Amino acid sequence: MNESKSVVDSGLMSGKIERTTLKLSDKLKLSSNIHQGTKFSLKKSVTTVEVRKSKKRKDINNIEQASVVLQNDNAYQDNESNNSLTIQEQISRMNALQNANICEKKEDIKEDTSDVNLQVTESTSVEKSESDDVTLEEESSKKVEEQVVEEAHDNTDTVSLNVVENVQEESQVDNQVESSNISDILQPKGIEEKKLKKYEKEHEEKKGNPKKGVSNNMYSKHVKLVIEEELEDNNKQVIQTHKSRKNRSTSSVKNKITRKVLIPKKITVQELASSMSERVKDVQHMLFQMGRRDIKPTDFLDSDHASVIVEAFNHTFKLVNDGKLEEDLYADGNDKELLPRAPVVTVMGHVDHGKTSLLDAIRKSNVADGEFKGITQHIGAYQIMLDGDKRITFIDTPGHEAFTAMRACGTNVTDIVVLVVAADDGIMPQTIESINHVKAANVAMIVAVNKIDKHDANIDKITNSLLNHGVVAESLGGDVIVVPVSAKERINLDQLKSSILLMAELLELKAVYDTRASGVVIESKVDRNCGVVATLIVQKGTLKAGDIIVVGHNSYGKVRNMFNSDGRSEKVAIPSMPVKVLGLNNVPNSGTNFIVVDSEKQARELISYRQELFNAELEANAKPKMDANSILACGVVDELNVILKCDVMGSVEAICYSISKITHEDIKLNVLYKGVGNVTKSDVLLAETSNSIILAFNVKTDASVKELAKQKCIEIKHYSVIYDIIDDVKKILSSMLKPLQQEVQVGTLSIRKVFSSGSIGSVLGCYVTNGIVRKGALVKLIRNNNVIHEGKIKVLRRFKDDVKEVAAGFECGILLDYSKEIYPESDIIHILEIVEEIRVIK
């Protein structure tokens, strides 16, 4: 191998070759100095040509010997590396080698052409003009280049542009050729065919004769760059082709899939695109063509437009009736077996009659001490265990007038009502209201006469008073059980429990257990650590952790956790069981129903349907807008804007109900926002924008929020008792009322003499009959019991002195701004005074 290397070097460097055209493989092995520094000339003798030819033959033989060794070594290394290459990389490498071979063939063709040109030129005419030779030389070079390019296109279509440019630069030969011999020079095709066969043979030998020890570092930097670019371009083309084929196959498969789309009454653009597995922008483009230009992904489409879009994308659709969906959900499980359930008992009565204390005595707890001032302001739900694994669910409702909605909610979910009446107070307004709720709900009732331990307790008086409201006790021949109890002394509590169980037995309370759960929301609130917390009572089915529930028209979610009345975590809740549920997205209203659905998608559809019904009901009950004439006729009415924040949703409803009853013709109360939770910065900013006050009931305000409210001059009022908030709202509204102004007659003047009457007014001499006259007082000029002038006393004098007032029994002179004729005999003057009366809303 070393010998072959030395032969190559000696062959390349021996002698001074002043003019030669080497093959590409020869040029790659020349040093950069020789390649760049040698200048060639065509004007040489025939002897020089022969010497050059002989040297060139030696060089070619040496180069061919060396190239065989190098090619064998390259083939070996190629085979060795091909084992670790992918098929695509091997193909790219083969293309690069083929491009290099084509370049070598081009060099050989140019060399043969150059030699022939030299011989013809030197034997014919050396003295031809330089300009003609250059012209003919360019024509010859162009034809040779065309032939080379055609040959290159026949062998491969991936020739590098850099290689072609290199060939064109090397083809700028300085030979002088006569135009008459050009056609003869380009004839020898046999030589080209032989060389092509030779290189094909060499290329085949590269694949099968691997030899080690010979370096393949025979390419210049330029050719290496060309080969690398060829490999990179081929890889890119293959990758792009692969991607395009993959995309075409994916799109073709996608277009073949036909989906069945469920279309509700209303659906958003985004939901419709998702159900069809289409892009949102494609659906928007289709709507744009239909004339819906400014439509967003969150905009709703009716079923007609949605069905047209589905058909345009070659899908099928089915219209869904959400009302039918809700009916089917509630009808689920009606044909299944009914099993006994625990009774739900609601404790009702007037405020301070001992309802919560009675429940504490039964549960052996102390809830009443936790209430502010001992007043219940929330609905509480508890379940107690009796002997024999029997359970009773109790619901404690507030007794204040403001909690009418809460009491109505309690009667809607209850089986039995325990009406608590204080033995010392007797029948009170909220007692009567509770009786009416019981009658409206058509539920059973037990009367518990509390506080019988007091000395002035009179049970017979209460029993007779109940007759006036249609409640007949068993002692009087009726069907209402009356139990005298004492929560404080724990008297007759067992008798009350037994009466409840007896009543439940008579009612034969049963429910389906093995079905989707449904029930009622008793109370709801926002907890800082847990989020939305809702107290539910299951009326049908079994509620499990992980179920998806829909509550009312604005709330749904997945049940993350459940807790019983004792605070222990529960996995399931059976009928008549109260639980606190975490996981809802919004705070539901008290008294709203809940039901378990199959999926979040179904939950959203049901919420959308209920929201639509709710909005339609609001529009139907909305008051008609007043036109400009009506507003002018009614006059300007002052408004008080309120932002209400409470601890639980039941309190929000109770306070809104109470303050809505505070009305006045000259002022209007607007509850701009009501919610559950602490006062936040957004509440303060809303109050600043709307000029509102913030009423906070049983909630706190952070220091940062207080500081912001102080900067914005926003008033935040905190309350713990519902009485206080109602009274305070009345005071605020009363302070906004303008005082009522009335005209009161404070004196009378009789006219004695008219001194003058002109443009400045009338000067009258008068006598104060009664009352008192003051300067600037309002006066009315009365003639024959008719008011002919109203004005003010501009000047008041006694004799020649200006005075501020004149009492009864004295004479005075006055100046009125009245220029018409006055008759002293019949005209009298009434002295008036405006008195303001402060109005109070009661």
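Note that Cβ sites are derived from N, Cα and C of the backbone, with glycine treated the same way.
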If I go by Swiss-Prot, the feature region 'G2' sits on one of 264-268, 374-378, 389-393, 554-558. Which? 374-378
Fewest-neighbour residue among binding-site residues, criterion Cβ within 10 Å, set Gly349, Asp352: Asp352
Model confidence over the region 'G3' (396-399), as mean pLDDT, sits at 62
On the DSSP side of things, how many residues of the region 'G1' (349-356) fall into helix, strand and coil, could you say? 2 helix, 1 strand, 5 coil
Let me spell it out: for each of the binding-site residues (Lys355, Ile452), count the other Cβ atoms within 10 Å of that residue's Cβ, using every protein chain shown. Which one has the most? Lys355
